[in-house]
Structure formats: structure tokens, C-alpha cells
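Here is the structure we will look at, set down as C-alpha cells.
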Amino acid sequence: MATLRKQYAVSRYVYSEDSFGEDYEKVYRVRKTTLDHVKEYLTCDSKRAKNAVLSLLPIIGWMRIYRVREWLLGDVVSGISTGLIAIMQGLAFSLLASLPPSYGLYTAFFPMLTYFFLGTSRHISVGSFPVLSLMVGAVVTRLVPDEGPPANITGFEGLTQDQQRVLVASSVTFLMGIFQLAMGVLQVGFIVVYLSDTLVSGFTTAAAVHILVSQLKFVLGLTVPGISGPLSIIYTLEKIFVQITSTNICDLVMSILIMAMVFIVKELNDIYKAKLPVPIPIEVIMTVIACGVSYGFNFEKRYDVEIVGKMVSGYEPPMAPNVEVFQESAVEAFPIAIVGFAVAFSVAKVYSIKHDYTIDGNQELIAFGISNIFGASFRSFAASTALSRTAVQESSGGKTQIAGLISAMMAMIVTVALGFLLEPLPRSVLGALVIVNLKGMLMQFREIPYLWRRDKTECLVWLGTCLGAILLGLDLGLVVGLGVELLTVVFRSQFPRCSVLANINGTDLYRDRKDYLHIFEPKGVKIFRIPSPIFFANIEFFRDKLVEAVGFNPLRVLRKRNKALRKIKKQLQGSRDLVCQTTEESYMNMEELDQPTDLKGFPFQMDWNAELPSNVDVPRVDLHSLILDFSAVSFLDISAMKGLKMALKEFIRIDVDVYIVACDVYIVEKLHMCMFFDDEILTSMFFPTLHDAMLHVLEKHKDDTKNGWVMLEVRKLKQVELTSPYPFFNS
């Protein structure tokens, strides 16, 4: 493809911000006050009421455009396919939550009923998600451990261990739903932006490691108590390896065979997905075979295999959550709510973009909040979505959440009528299904070399999140990941890559002088760029880098000039000898030295770059103009404004003209509001573009030749016409 090389020519005035404002009148916009926004928010009319209903019940929007003949068959096929997977995953993921398998079917049913009406995504499959199940399981095993007494909670009296665990899981889920609903009502769906793709990848990879370790006890047929808290994964592995010689060979062989078969068929599904109308439901097939073989050969008694056991038939009446569990689990429930929403929203966004419809983050929070509250009332545990299930629902022809409703109906049929058929299913089979479905999350380890090559800071976020979540647990690991991520943002803002710019020959473009060979730098001019906001944390860094770029400290030069000036004045007056002067100068007030040089009463014009008396030592300053490129500065705070003002005055007081270019208009307005301008710092220092400022500088210093500055012919009529043998002006 040929490189674009079209030419353009612009002939216009050289503008400062002041002259630009004189020629082009700015429109004055009346901004709404907080009271105006409140009044507008509380105003209600028929149109707003209609929009509110459509926003709260998105089902109305897509049901009105539903194409029965084109979409219904696809939704039915998709619902059946997704339902089969949701049933198997519900049974398997309930083990992660340390609950009886039948309660996983509740999670595949109840949350979907409310999301069907309230959700804005038409494609995600709502139900259990392994990461959330594991996070809920950590709370369950902490409050109701396998060994030892449960926590001192009044509501546990008279309940079996399984009933206590169900109460804990449903109460945590209820609180999770309250958090999500509250965030949705308060319109804080934007919170998900703080969970970057890198952080989520590292977190879910760590969760996959936790899930893998937690399922080893089922695959190996060992009795290992659930452990939660920091370093729980290490303690769990220790207990597994202590008992490794007690491995149940039947469980191990069966698990290996099932994982191999499921892995192979899933790979074939991916390879031939374009030719297969629906993916082969290999999990369902292997589950049916395992149930039949286990029942026929009586694995439970003959080989001491732990099976699913008694399945709850039908649905139990709703129950209220336990407030004491709320108090014990509030710290864990909030990250569970955030992770559940972040995963669901990111998956929903992928498919909304693919199918060209919009989703609302705040409405999704409301939908999941109500879904989890409703489901928890009927003993289900935390619901979100799983990428594998959603992929099946979309790829098998699902167009709307009717497919999700049908999948929920299938879970209901199994719960009400067919649950007893799953009772002989070995738990090791469910563990094997969980492990084999971790492939996608575990393969995210491949991102480490990619991130290391592309962005080492992002790689640090991934590693910090992953290691923190593996070693400290998922809740603390998420906090660690957020901390590392915010630190990288602070680091990048506090220590930006500042640069000195130069003109690219023959253009009005300016780039880093270190990156190009054919550049033009007029003598006595320095262009400095800072590519970040300037605020209290980086203002000193900005000043240090500015001093480094110009090659001298303006405050030190000013003080030396004032000392030298006093010395010269005294020599002219002949009042004291040099020794006395030096002694007196050591006691001079530093505030006096920082003031502008006072040349009143001097019989001659002072040239600090000329030859001075031998006893006067003042650094030479060859800089006459400093241009600050603020095009990437998005805001200034009060502290930075004070530091910037001080830095500008230090340069101005040693006769260096300072110009600020491409400054955001709202920053300029803030500078006016904060009384930034005075007798030394003027609005005429501001220019709309870097090239305008450079042309102004060269025009101002065109006749100054005593230091060998570049001579330029600038012919000024009504407009500035630039004609010069130097390529800098051929623009």
C-alpha cells in the first residue's frame, strides 16, 4: 500500500491565544448548575416514564422486534444445548461452593427467571461460574468447616452441616445481590473499568489454579477438609500429598478417561464448529455413561467411590437470609459482587458488539442484583455467566433470552422429575468435568511472554494479581491486583516520559529530538513536553526534568546574578573592600535573592553573557526562549498551579521568555479563576499551536545576531508570509 503523501498549504496569521480570541469570538455557554441537574432528574413526563419502563424491562424492547419464524427454532435448539451444559456445570460447580450437587441446579434455574425480564444482554447464559463458586465456597468452609465446630451463629441451631452450608451460601449470595442492586441504583456501573483485561486475566488464571487444586481431592478420591484464607492452596496441597498413597484407583482411572474424552471431543468441536449444527454435548454423554456404569457395577460399595447421593426432589419454600452471616461475610461478598458483574458484563459486551445492540452496565447490575437476591431466597448460590456456556448458546443459534429461559426449564425438569437418575454419579466425574473446563483459563499463562515483550508494566499487573490471588486467596488477591494496577497508573502519571522536541525539516511538525536525524533547532530555543496531567504528586518531577532539559537551574542563576549585582554596585560605589562584601553577602536574605534583578540606577545595560569582572562568577545562559508543550496535559490542580507559577517566574526573572502552547481551554479558564496571571505571567504567553509560538519567537529575535542566532527574512504585511532558504519555513 502506497504511503499517503498529499500536500497542503495554509496561509494565516501567527496567533497567540489573545490575538486568536480577538479575531474569533468564543460562544459563551451557560452551564447547568447542580440544582438544574437535580430538577431535570426529578422531572417526569410521559416520554421519560416510557423510557424508564423500557430501561427497567429490556424484554419489552426485544420482544417487540422478535421474529418468530426466523428466531424461535434457533432459540429452542440453543436452549436445549445450553440447558444440558448448564445442568452438568451446575452439579460440578456446586462442589466448588462446598454444597450438595443438587443446589447447583437451583442456580441454573432461579436467577435466569428474573434476568429474562431485566437483563439487557440477549446472549449470555446466566448461572453458576466457577470463580464465584469457589469464592462462595471459601466463605462456606470458613464458617462451616469440615472438621471442628461451625461459627457461633444463632441461625445454625438445629441444622445439619449441609443445611448450615446452604444457609451460608444463600446468605452470601443475597448480600452479593444487595451490593449489585445498590450499585445499579446508584449508577456506578462504571466501576468495572477499574478491572482491566490484564487484571481479570491474571485473576481468573489464579482462580483456575485454586479450582484445579480444590478438585484434586475428588479426582483422587481423598478426604481433604476445605481450607480458606491466605496460603490455603499450599496447606491443601500438603494434605493431598500426605494422603497420596491412599488414592482411589477407580476414581483416578475414571477421571483420567473422562478428561481425555471430553478434551478430545471439545477440540473436535472447535475444529469442526463451522460444520456442526450444535456442539457435541460430550459432558452430558459422559455423565450419562458414568451414571450407568456406576449404577451397574455398584461403584459406591465395590470400589468405595463417593457418589452424588440423595438429590433434592422439587423445590423447597423460600427462606430469609441470616443477618449474622451478613456480618461475617460482608468483606467477601463485595468482591464476589464485583467479580460476578465484571465477568458477565465483559462477556455480554463481546456479543453485543458482534450482534450490534447496546447493553447498559447499570441495568445489568440491577438485573444481576435482583436475580441473585431472588435466587438466594430459594437456596441458589452466586450467579453470573460462564464463557463456555454463553459461547454454546450463541453458536447454536440463540438470538434472545428465550434460549436462556428454555435452558432454565430443562434444569427445572431435572430437579423435579429426573434428579434421582443422577444419584449414582461419582463425584470424581464432576471433578474431572470441572478440571477439563479450566483449559481456557489455564491457557492464559501464555499471555506472560506476550505481555513481557509488549508492556512490562502490564505484565507486572498480571503477575502481581495472579500470584497474590494464588497465595493470599481470591478476595485478598483481587485487592492486591487493584493495588498493583493503581500503582502502575500513579507511577506512569507521576513519572511520565518527558522530552525535548525539535522541528522536522520542511514541516510544521515537532518530534522528540532523540528520534530523528533531520531536525531543526534554533539556537536559544528549547521546546519541552510533558505527556501527562500535572498535579501535586508530579509537579516537582516536572520541575526537575525541566531544569535537566535546559541544562541549568534558573533559581540558582537568579541568586548568583543578584549576588553579583550587589557586588558590582558596591564596587562602583567603592564603599567596602571585596572581603567585607563577601562576608556580608553570606548573610543576605534569601528572599531578596529570589526577587527579579533590579537594574535601576545602573549607568549601563547589563549583559550577563558578556565578559564580567574576574571576581564575579555568574553562569552563562544561552537560552532566550522556553516553549512548554501542554497538548497532553489534561488537568492542573492547585498545588501544581503554584509550583508551575513559581517555575515560570524563575525563568522569566533571568530574561528567558516562556511560552505555553496547545493548553486545554478549560485549564486556561481555571488559571484565570485561580488568579494565575500577574505582572510577570501574562496571557500573551499562551499560543494555540507549537508552530505559532516558534514563529513568534523567531520573529522576535530575528535581528539579534550578537550570539550567532539564526537570521531569518520574515516579511510581515497583514499576514505573516514566510520566505526563507531554511527548510523550517517552507510550510
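Quick reminder: no glycine exception, Cβ is built from N, Cα and C everywhere.
Summarising the annotation, TrEMBL assigns domain 'STAS' to 515-697.
What TrEMBL records for 72-97 (among others) is transmembrane segment. Under 8 Å from some Cβ of the transmembrane segment (72-97) lie the Cβ atoms of residues 103-108, 125, 127-130, 133-134, 136-137, 140, 169, 211, 214-215, 218, 277-279, 281, 283-284, 287, 308, 381-382, 386, 388-389, 392-394, 396-400, 402-411, 414, 422, 425, 427, 430-431, 433-434, 437, all in the same chain and six or more residues away from its ends.
Residues annotated as transmembrane segment in TrEMBL: 103-119 (among others). If one looks beyond the transmembrane segment (103-119) by at least 6 residues along the same chain, the residues whose Cβ comes under 8 Å of a Cβ in the stretch are 56-59, 83, 86-87, 89-94, 97, 126-128, 166, 169, 312, 315, 363-364, 366-368, 370-372, 374-375, 378-383, 401, 404-405, 407-408, 411-412, 414-415, 419.
The transmembrane segment annotation in TrEMBL covers 126-145 (among others). Long-range neighbours of the transmembrane segment (126-145) within the same chain, counting only residues 6 or more positions beyond its ends whose Cβ lies under 8 Å from a Cβ of the stretch, are 86, 89-90, 93-94, 96-99, 104, 107-108, 111-112, 115, 119, 151, 153, 156, 161, 164-165, 168-169, 172-173, 203-204, 207-208, 210-211, 214, 225-229, 232, 325, 328-329, 332-333, 335-336, 339-340, 343-344, 371, 381-386, 389, 404, 434, 437-438, 473-475.
The annotation transmembrane segment is assigned in TrEMBL to 165-195 (among others). Same-chain residues lying 6+ beyond the ends of the transmembrane segment (165-195) with a Cβ under 8 Å from its Cβ atoms: 97-100, 103, 136, 139-140, 143-144, 155-156, 159, 319, 321-322, 325-326, 329-330, 332-334, 336-338, 340-342, 345-346, 360-377, 379-383, 482, 485.
The transmembrane segment annotation in TrEMBL covers 207-228 (among others). For the transmembrane segment (207-228), the residues of the chain that approach it from at least six positions outside its boundaries are 95-96, 98, 130-131, 134, 137-142, 145-147, 235-237, 239-240, 243-244, 246-248, 250-252, 255, 304-306, 427-428, 430-432, 434-435, 438, 441-442, 444, 469-470, 473-474, judged by C-beta separation under 8 angstroms.
The annotation transmembrane segment is assigned in TrEMBL to 240-264 (among others). Among residues of the same chain six or more beyond the transmembrane segment (240-264), those with a C-beta under 8 A of the stretch's C-beta atoms are 213, 216-224, 282-283, 286, 290, 299, 303-306, 426, 428-429, 431-433, 435-436, 439.
According to TrEMBL, the transmembrane segment annotation covers 276-297 (among others). Beyond its flanks by at least six residues, the transmembrane segment (276-297) meets 77-78, 81, 84-85, 87-89, 254, 258, 261-262, 265-266, 268-269, 305, 307, 392, 395-397, 421-422, 424-426, 429, 433 of its own chain at Cβ-Cβ distances under 8 Å.
If you look up TrEMBL, you'll see 333-353 (among others) marked as transmembrane segment.
Taken from TrEMBL, the feature transmembrane segment covers 365-382 (among others). Only residues 6 or more beyond the boundaries of the transmembrane segment (365-382), in the same chain, are considered here, and those with a CB under 8 A from a CB of the stretch are 56, 94, 97, 99, 103-104, 106-107, 109-115, 118-120, 126, 128-129, 132-133, 135-136, 166, 169-174, 176-185, 188-189, 315-316, 318-321, 336, 340-341, 344.
Taken from TrEMBL, the feature transmembrane segment applies to 402-422 (among others).
TrEMBL lists 460-487 (among others) with the feature transmembrane segment.
The average pLDDT computed over the domain 'STAS' (515-697) stands at 84.
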